[in-house]
Amino acid sequence: ERLRYLLVLLSLLHGTDSFYVPGVAPINFHRNDPVEIKAVKLTSSRTQLPYEYYSLPFCQPTKITYKAENLGEVLRGDRIVNTPFQVSMSVEKKCEVLCNFPNKPVTLTVEQSKLIAERIREDYYVHLIADNLPVATRLEFYSNREEEEKKKEKDVQFEHGYRLGFMDGNKFYLHNHLSFILYYHREDVEENQEPTYRVVRFEVIPQSIKLEDLKADEKGMCTLPEATGSAPQEIDPSKENQMLFTYSVHWEESDIKWASRWDTYLTMSDVQIHWFSIINSVVVVFFLSGILSMIIIRTLRKDIANYNKEDDIEDTMEESGWKLVHGDVFRPPQYPMILSSLLGSGIQLFCMILIVIFVAMLGMLSPSSRGALMTTACFLFMFMGVFGGFFAGRLYRTLKGHRWKKGAFCTATLYPGVVFGICFVLNCFIWGKHSSGAVPFPTMVALLCMWFGISLPLVYLGYYFGFRKQPYDNPVRTNQIPRQIPEQRWYMNKFVGILMAGILPFGAMFIELFFIFSAIWENQFYYLFGFLFLVFIILVVSCSQISIVMVYFQLCAEDYRWWWRTFLVSGGSAFYVLIYAIFYFVNKLDIVEFIPSLLYFGYTALMVLSFWLLTGTIGFYAAYMFVRKIYAAVKID
């Protein structure tokens, strides 16, 4: 018995694809088993405000039950709830009335009609799930192929969810009939066993059919009119409207295995673009690396050889270039506590992003586990506080700081405080709109408890050990009197530096940015974490290289105030991300109202701030290592 159990377990594990983590187990259905249809939310890329399903007057079951949700689902605005659709495995339904039997159609009040018309005008989509698979609408169109090929095949793409309705002129029409098409995969079983099925695709064809054309009988069955002769169900926002909500169910057998059932939703029409962008980025970065290595290493070798030779031959020869500032290059900057706190938050972000992308690349955060990505990111950021605190504490000690407790508090609250503040203000606006995207008060309290109960103590712990550790070893002593800085050329201006330094890292990743923006603002699935991991590595390399070049030029110009400047300049690509976000808003999104625009730019500000911290930190540590290396290589009396 045990052996058989073990074999079954092994065969199950063997059968699951690498895309699925053990724990997301397949559900086997027998014939006539109920397949529950649940509603997730209503979304629109025009308003960016999700609403829960029953915010509109849809048919309700006798008892409404909401699914317990994880942190990520709550933050995304998902409110998963049961629906009155009765669907059974491999049982066809021609047409059935959903609620209020035919002799008593659903009557929408003027208020409800107005609300539905408004949601149709705002281009809302309804999202349902069956066996955790989201519903999709099939879109068929001819691609720009040759004429003969056109007749043969159409291109098929899937749209997430289905449209609530459509407009024709100034009239509103509601999709009141849903034709569900569910695909099942028949599993291999022994001869005498009942066959088992698994749901592998969930499609819908929404239709708008006028009340008079839906011929319904007393039992709740109905007959659909011929496609040509039916009129759509109009919603007049100025009066009461009567209608029937109906649905039909059709089952089809499919060869798709359960493990690859998500492939339909993740079909990419532009993998070539992705590979092209990655190869383009790699070539650019290698090209830069080559130039950088040649220039910097040759120049440095020459500089170091000259400096060391000068010392041997003649002490009276006048020094020039970066060796001149050796007595000031490690002079602590202004506001060392704030600098070390921001860098600590940057390290925290870096560790979180690296782990999240790596884990997602292994397929552990696939879209099938809803909200997993967001939940993981939140918890990881909290736990990475120990590393952020350690690096911040050690740097603060190196910069001759003494008040470590205040420094630790600053590290734990500065960046998270800004994020929480912006999110809270935006949340108040979303609350005002009664959207499900508003974070409920208990969740907000839970997040605050995580911040002060997990993150803050861990930052203090890391800071304590970092501050106690030996400070970074600077190879040259700092003079007591700071030297005068000569007048700088125009191109050594901070803003010019930001523009010059930001363009290369941004160029290496901006195509990926388009897909990330589409996932966030247009309700697409993002799953290309393998690409994203490569892009992240390229970003780290290009930020480091650009930062080294900029700090070298600065020191050659005898300007030793490089600490803050390197941090600001290395984050220059964040400025280009902001410009791109504005371009995306104007060209790609159809947002016209104030609150959606405010949400877009509020969240964009958070993204830009986080990106600046991340790239600034990468650049700062690369430049710091470089500066220590070059000054260790020259002989200084």
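Cβ coordinates are placed from backbone N, Cα and C, and glycine is handled just like the others.
Listed in TrEMBL for this protein:
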type: SIGNAL; residues: 1-18; note: signal peptide
type: TRANSMEM; residues: 275-297; note: transmembrane segment
type: TRANSMEM; residues: 341-365; note: transmembrane segment
type: TRANSMEM; residues: 371-396; note: transmembrane segment
type: TRANSMEM; residues: 408-432; note: transmembrane segment
type: TRANSMEM; residues: 444-467; note: transmembrane segment
type: TRANSMEM; residues: 495-521; note: transmembrane segment
type: TRANSMEM; residues: 527-555; note: transmembrane segment
type: TRANSMEM; residues: 567-586; note: transmembrane segment
type: TRANSMEM; residues: 598-627; note: transmembrane segment
Interface present between the transmembrane segment (371-396) and the transmembrane segment (275-297) (three or more C-beta pairs under 8 A):
no
Counting only residues 6+ away from its ends, which parts of the chain sit with a Cβ under 8 Å from the transmembrane segment (341-365)?
18-21, 372-373, 376-377, 380-381, 384-385, 387-389, 391-393, 395, 407, 410-411, 414-416, 459, 463, 529-530, 532-533, 536, 567, 610, 613-614, 616-618, 620-621
Chain residues outside the transmembrane segment (567-586) and at least six past its termini with a C-beta under 8 angstroms from it:
339, 342-343, 494, 497-506, 509-510, 513-514, 517, 521, 539, 543, 546-547, 550, 597, 600-601, 604, 607-609, 611-620, 622-623
Please tell me whether the transmembrane segment (444-467) and the transmembrane segment (371-396) touch - that is, whether there are at least 3 C-beta pairs under 8 Å between them, with each pair 6 or more apart in sequence.
yes
Looking only at residues six or more beyond either end of the transmembrane segment (598-627), which have a C-beta under 8 A from one in the stretch?
48-49, 329-330, 342-343, 345-347, 349-350, 353, 415, 418-419, 422-423, 425-426, 429-430, 472, 501, 505, 520-521, 539-540, 543-548, 550-552, 555, 562-563, 566-575, 577-578, 581, 585, 589, 591
Thinking of Cβ pairs under 8 Å, which stretch from 371-396, 408-432, 527-555 has the most of them with the transmembrane segment (495-521)?
527-555
State the non-local partners of the transmembrane segment (527-555) in its own chain: residues 6+ outside its ends, Cβ under 8 Å from one of its Cβ atoms.
266, 268, 274, 278, 281-282, 284-285, 288-289, 292, 296, 321-322, 325, 329, 353-354, 357-358, 360-361, 365-367, 492, 497, 500-501, 504-505, 508-509, 512, 515-516, 562, 565-566, 569-570, 573, 615, 618-620, 622-623, 626-627
